[in-house]
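Q: Take a look at this one; I'll ask things after.
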Amino acid sequence: MENVPGSFGTSASFALRFGQTIFSAASLIFMCFDYDFYDFTTFCYLATVMAIVTPWSILLALTDTYSVLVKLLPQELRVLSIVFAGDFVLSFLSLGGACAVASATELLASADGKICDGNLCIQYQVSAALAFLCWFLLLASALFNFWSLPSLYY
């Protein structure tokens, strides 16, 4: 297997997974600071996606840690395909959630502050920004794994 930096089982992959875990957990925490986020579907969607991304990233970060410490890269096509598919799907789900929350927050903020007071809108905007950062790292992980996928065929 070709050792692509950032592919599954490397230290660069661990760094990407650690960033995903931090950003997704922080986005979820900022979203859940207010109990009124259940009133809007887009906010619930982002909270659900980040609640899925966080354990996914933690599990793969632990797997990367084990692979780095044992110095054994996972060489099964099926495992790398599942990791690639999960990263790819979750990256676009988090992009959709981040875009939806960013646009809904902008819409609520432009309503003369009647619906979304100052700190509440800032919390939602920070949550959307953290979700965008998580999306970027998820997409990078998916692309690195996609890049190393053909080397398992021969």
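Placement of Cβ uses the backbone N, Cα and C atoms for every residue, glycine included.
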Q: Are Gly9 and Leu107 on one side of the membrane according to Swiss-Prot?
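A: For Gly9 and Leu107, the topology recorded in Swiss-Prot gives opposite membrane sides.
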Q: Counting Cβ pairs closer than 8 Å, which of 13-33, 82-102, 129-149 has the most of them with the transmembrane segment (42-62)?
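A: The stretch with the most contacts is 13-33.
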Q: For the topological domain 'Cytoplasmic' (1-12), what's the model's average pLDDT?
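A: A mean pLDDT of 76 is what the model gives the topological domain 'Cytoplasmic' (1-12).
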Q: Residues sitting near the transmembrane segment (13-33): Cβ under 8 Å, six or more positions beyond its termini, same chain?
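A: Those are 6-7, 43, 46-47, 50-51, 53-54, 57-58, 60-61, 64-65, 68, 94, 101, 123-124, 126-128, 130-131, 133-134, 137-138, 140-141, 144, in sequence order.
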